[in-house]
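Q: These came from TrEMBL, pasted as-is:
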type	residues	note
DOMAIN	86-327	domain 'AB hydrolase-1'
ACT_SITE	S166	active site, charge relay system
ACT_SITE	D292	active site, charge relay system
ACT_SITE	H321	active site, charge relay system
Amino acid sequence: KPQLVASNDRFCRFLEEYCPVVTETYYPTIWCWEGRVQTLLRPFITSRPQVQYRNELIKTADGGQISLDWFDNNDSLYYPDASTRPTVLLLPGLTGTSKESYILHMIHQSETLGYRCVVFNNRGIAGEDLLTPRTYCAANTEDLEAVIHHIHSLHPSAPFIAAGVSMGGMLLLNYLGKTGRDTPLMAAAIFSAGWNVFESVESLEKPLNWLLFNYYLTTCLQSSISRHRQMLEKLFDMDLVMKARTVREFDKQFTSVMFGYRTIDDYYEDASPCRKLKSVGIPVLCLNSVDDVFSPGHAIPVETAKQNANVALVLTSCGGHIGFLEGIWPRKCTYMDRVFKQFVQAMFEHGNKIFSM
């Protein structure tokens with residue numbers, strides 16, 4: 001059974017009644033239960049539901065642009081009025097886009113419930129050009145704030161929830177820690193967030209984890225910026241950036257410099273959501289597996305979560321990083337998908353009951 005950590009008894013009762021999946025025993029796929037195996041196999045095993053997007057490019061205050069992929073769900077039977085159709089903002093992981101299988105599954109779950117979805121693609125990674133020499137990071141929430149304001153301004157009467165995965169979850173938590181209750185979002189769901197970046201990079205630098213994950217992730221980061229080399233060479237020694245062999249080296253030479261941090265430690269401290277959790281002002285459900293090498297179990301801020309009545313942690317013993325595979329042949333729905341679907345539906349349909357139970 002997952003461990004449910006929440007200081008608010010009413011929030012616990014709400015989850016037990018309207019999101020019962022968090023109290024069910026999670027049975028990982030027996031032939032790939034180990035966390036690293038789950039992490040590696042999920043992208044290859046899970047299906048990729050067909051989703052037709054409508055793309056929108058929005059301008060930012062600094063002259064840049066952000067790519068949003070909309071799934072309008074105009075055929076929604078439950079919410080035919082687009083002005084009040086519930087909206088789910090989805091934030092993919094570090095180099096992820098709207099094409100990731102876990103994002104497609106979240107949209108598929110939302111489609112069955114009649115909701116509209118918007119995927120926030122970080123600057124420069126979804127095929128659009130960089131108009132300024134700036135990309136993104138887990139600590140800087142300016143682009144996310146612009147996106148949330150833009151979506152809310154288009155549909156001010158629509159209930160609004162966000163869900164973030166991995167770095168997308170870290171960014172969302174850092175935004176919520178900064179804004180408190182001053183946000184149009186009514187709730188948020190976080191999946192496989194790295195709570196303490198220092199602990200995450202240390203875990204990923206262990207020999208086997210470096211071989212399986214760190215080197216590949218570093219090459220993905222380098223690939224994501226190589227297309228924009230001509231723009232970025234104005235500010236960076238790109239040859240040095242492309243020599244990085246770990247995420248830490250990449251962040252030291254590129255990310256921390258881009259966003260004006262004096263040292264990489266300053267950036268990692270600012271990017272760690274565990275330091276902002278006390279300030280979250282809306283209901284947030286966070287799912288982590290304690291065998292996630294990207295977010296080791298000992299770094300999950302259990303005691304801090306107990307100090308904020310708006311926060312609930314769901315901790316499984318298995319599941320890896322964005323894995324949570326279940327069943328003999330886990331092609332379709334994962335435990336993470338079921339948590340997402342039940343929590344989002346619970347908040348949209350019964351969220352006003354949380355503090356009255």
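Each residue, glycine too, has its Cβ placed from N, Cα and C.
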Q: So what pLDDT does the domain 'AB hydrolase-1' (86-327) average out to?
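A: So the average pLDDT across the domain 'AB hydrolase-1' (86-327) works out to 97.
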Q: In Å, rounded, how far does the Cα of S166 (active site, charge relay system) sit from the Cα of H321 (active site, charge relay system)?
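A: A Cα-Cα distance of 8 Å.
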Q: Roughly how many Å lie between the Cα atoms of D292 (active site, charge relay system) and H321 (active site, charge relay system), rounded to a whole value?
A: 5
Q: Show which residues of the chain containing H321 (active site, charge relay system), separated from it by at least 6 in sequence, have their CB under 8 Å from its CB.
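A: Once residues fewer than 6 apart are set aside, H321 (active site, charge relay system) is near G35, Q38, T39, S166, S192, S289, D292, V293, F294, S295.
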